[in-house]
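Straight from TrEMBL, the features:
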REGION    1-47  region 'Disordered'
COMPBIAS  25-37  compositional bias 'Polar residues'
COMPBIAS  38-47  compositional bias 'Basic and acidic residues'
TRANSMEM  75-99  transmembrane segment
TRANSMEM  111-131  transmembrane segment
TRANSMEM  143-167  transmembrane segment
TRANSMEM  179-202  transmembrane segment
TRANSMEM  208-230  transmembrane segment
TRANSMEM  242-264  transmembrane segment
TRANSMEM  276-299  transmembrane segment
TRANSMEM  352-373  transmembrane segment
TRANSMEM  380-399  transmembrane segment
TRANSMEM  405-430  transmembrane segment
TRANSMEM  442-462  transmembrane segment
TRANSMEM  482-501  transmembrane segment
Amino acid sequence: MSLPKLADHPTATAGNPQDVAIQSLDPSSNETSSMEPSHSEKVHIESDVEESMEARIERLGRERPPIFKSLWAELGFIFSVLMSQILTEYFVSGFNLILPTLIEDLDIPQASSVWPATAFSLVIAATLLVFGRLGDMYGGYPVYLLGLAWLVGLGPAAFLPTGVMLIGTVYRPGPRKNLVFALYGTFAVIGFYFGIFCAGLVGQYIRWGWYFWIGAFLAFITLITSAIFVPNDYKERRKNAITMDWPGAGATVCGIVLVVFAITESAHTPQGWRTPYIPTLFCVGCILLLIAVYIEGWVAEMPLLPGDIFTTPCMTQLTVALLLLYGNCGIYLLYGTLYFQNIMGATPLQVVAWFTPVAVGGIVLNILQGYLLHLVPGHFLLIVAGAGAVGSPLLLALVPAGGSYWAWVFPSCVLTTMSIDLSYTVICVFLTTQLPSARQGLAGGLINSVMQLGMALALGLSDIIQSYTVDEAGLRKSYQNTFWFAVATGSACSILMVIWGRKVGKAASDLTADEKLELEHEAARLSSSSRAETGGN
């Protein structure tokens, strides 16, 4: 997967360096390919002389990456990476549905009912950047396999960022990359629905432990296919000489865990924030996060989250918008499930049926995005996603007692899938395209850590709202209060996307970030050489 160097190209002269760059990127001349070109490839090479730069970029954006020697190899890779999405969403969505059964069987106090759902997102969010850096250091292949083998606990934190990293590295900007990322989002929807379907069956008919056995079997299948089909980039990544910022990693992980724990636990202690260990842990967590900022900004040679990543246009605002959006989603999924079961009287299988529009709509939207992202501006899709984030919890906040499914729940499910599925693919394509291959692990870590951290923080804050209002307002109103909080987060997210999402344009075929950087260096070298020759004359 190495990039051919411009300086080594036989036509790297004082001509147009952009043409040289594109010519050196033709897969038929890629030095990583050891196969003799076929007749069709020879014809393709001969026609390169007449092929324009734009046409060549467009063609390369649609072709199968040269690292895959056959279509079956590419399909095996795609299946393995997409299964990571299914596994993650399986445990997130299904766990919310099986949670009431698990609470009853294990005698978990009602005051601690949110913790099992929050802990999963919290642990992942706290460690994603660490495993993203490990992916940049040792390659996506070994870290991805490690995450699948170690699925219980921290596993998703390892295979989520490296899954994004592998797609972002293997595919160059263009329709083919858009389609693969759209499938990545589609299988998150499939995993979501499969998770609640299995949880519904298990929760209603058999012991809840089978839900985890099914997940373990899926993880084993994915581990085997990944070992066979995912390209091993260990040697290539080690050449980058990237190191781990262990002090920054330790301070970041501990700080996030302590802050979120204090926020969530404060709702269930006898004296709330007056309980001594709550403000103590919160302050310690904040201090550790400040230490992490200092280490990352002024001490570490290779920080986990380099500050220059936010020099990308609108990166800071879009990161905050993503945090709010997935916090909004976390509230909807958890408290929506609890509302459907505890207030509207739905059985586990009825909840599965009620969430069907989320699955069907998500599949349709993601497939359409795969074919339209290079035609439709990403800014427009982000605006629609923001509107969905406002509308979906608003409907549940306003649903009257005895309200019907079709009038309130069905449209809210449609709006939810619009908010999540339209935004995720756009952000993934935008961020992985903006960053060089050496930072694809960082891209995957940042996207998924923001998502999971948004869920963990929002669930912690909504738990406080629900717990503090349940005695006076009752269970139904306390749930609806959390939906009003979700409306607020969705509104803030929507404003950010409308104003600062303008830089997210069409995801058309283009040079990769590495190629653009190399092109700039080559242009600077040629310009310097030209000035030297002029001065000599």
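Positions of Cβ are set from backbone N, Cα and C atoms, glycine also.
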Who are the long-range neighbours of the transmembrane segment (179-202) in its own chain, taking Cβ under 8 Å and residues 6 or more past its ends?
-> 78, 81-83, 85-98, 163-164, 167, 171, 208, 210-211, 214, 347-349, 351-352, 355-356, 358-359, 362-363, 366-367, 369-371, 373, 417, 421, 424-425, 428-429, 432
Same-chain residue ranges lying at least 6 outside the transmembrane segment (75-99) that approach it to Cβ under 8 Å = 68, 113, 116-117, 120-121, 144, 147-148, 151, 156, 159-160, 163, 166-167, 170, 180, 183-200, 202-203, 208, 211, 215, 218-219, 221-222, 225-226, 228-231, 333-334, 337, 348, 351-352
Cβ under 8 Å to the transmembrane segment (380-399), counting only same-chain residues 6 or more beyond its ends: which ones?
-> 321, 324-325, 328-329, 331-332, 336, 339, 369, 408-409, 411-413, 415-420, 422-423, 426, 480, 483-484, 486-487, 489-491, 493-498, 501, 504
Same-chain residues at least 6 beyond the ends of the transmembrane segment (242-264) with CB under 8 Å of its CB atoms are 114-115, 118, 122-123, 125-127, 129-130, 133-134, 136-137, 278-279, 281-282, 284-289, 291-292, 295-296, 299-304, 438, 453, 456-457, 459-461, 463-464
